[in-house]
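Asks: Heads up, here are the entries from TrEMBL:
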ACT_SITE  D8  active site, nucleophile
BINDING   D8, D10, D179  Mg(2+) binding site
ACT_SITE  D10  active site, proton donor
BINDING   D19, D99  substrate binding site
Amino acid sequence: MKFLLAFDFDHTIIDENSDTWIVKCAPEKKLPNGLRNSYRPGHWTEYMGRVFVYLGDNGVKEDVMKRTMTTIPFTAGMVDLLGFIGENKELFDCIIVSDSNTVFIDWILKAADFHKVFDEVFTNPAAFSSTGYLTVQDFHSHRCAKCPKNLCKREVLKEFLDKQLEQGVSYTQVVYIGDGGNDLCPVMFLKKDDIAMPRQGYTLEKKISQLAQNLSPVECSVLVWSSAIDIMSYLKLLIKE
């Protein structure tokens, strides 16, 4: 009996968007209008690439970025939840599927000593160049028309489950925990024994309830959470069954 917990990162594990938080490092803690207005829907990673160039051009170094990023607060109850999962790793496999990047997630998880809770992190690859600039690339290319061009979370989840099956690992239940519009695609992939846990008041919850109103509800169960303690209570019930 093993469960897979799939987490989004921004506004789910942490209570902010890591990509917009980094702007605190910019001169006067803001971006020039031209740069801010250069974002095109579905092309967030390219936009962040330009933000990182701007920070690099303004002499913002890795250590300053790291200090800033590790001040992001975790979502209410999340520290308790991750501690609980860490103590019960024999029952839970745990992955992150996020549109953030490897550098930010790595810094934040390691600073709080939570990196061991997660078996794999699927996010946009990032690294510092020889000149000290942070660079970021698309996670993959895909054909899903619903998702941003750099990341289809359904495809990531499906590939992970297929790979696990090949190694003889199948899960009693998949629990998907997220908040954003790009979390709907993987939620629609979940089966009836699985559970989607959208964060209360965020886009994912609204999109799931819209589908129900249009009489095309998602196949899995849905449990809304406002604090990660709600998620922990559910997991405690799961492992008691």
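Backbone N, Cα and C define each Cβ position, glycine as well.
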Asks: If I take the alpha carbons of D10 (Mg(2+) binding site) and D99 (substrate binding site), what is the distance between them in whole Å?
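Replies: One finds 8 Å between the Cα atoms of these residues.
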Asks: C-alpha of D8 (active site, nucleophile) to C-alpha of D179 (Mg(2+) binding site): distance in Å?
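Replies: On Cα coordinates alone, these residues lie 7 Å apart.
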Asks: How big is the Cα-to-Cα gap, in Å, between D99 (substrate binding site) and D179 (Mg(2+) binding site)?
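Replies: If we compare the Cα positions of D99 (substrate binding site) and D179 (Mg(2+) binding site), the gap is 12 Å.
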Asks: Rounded to an integer, what is the Cα-Cα distance in Å between D19 (substrate binding site) and D179 (Mg(2+) binding site)?
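Replies: The Cα atom of D19 (substrate binding site) is 16 Å away from the Cα atom of D179 (Mg(2+) binding site).
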Asks: Quick check: which same-chain residues outside D8, D10, D179 lie with their CB within 8 A of the centre of the Mg(2+) site CB atoms?
Replies: F9, H11, T12, I13, S98, G178, G180, D183, R199, Y202
Asks: Across all chains shown, how many C-beta atoms besides its own are within 10 angstroms of the C-beta of D99 (substrate binding site)?
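Replies: So the Cβ neighbour count for D99 (substrate binding site) comes to 24.
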Asks: Pick the one among the recorded positions D8, D179 whose Cβ has the fewest other Cβ atoms within 10 Å in this structure.
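Replies: With the recorded positions D8, D179, fewest surrounding Cβ atoms within 10 Å: D179.
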Asks: By a simple count, how many Cβ atoms lie within 10 Å of the Cβ of D19 (substrate binding site), its own Cβ left out?
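Replies: A 10 Å sphere around the Cβ of D19 (substrate binding site) contains 20 other Cβ atoms.
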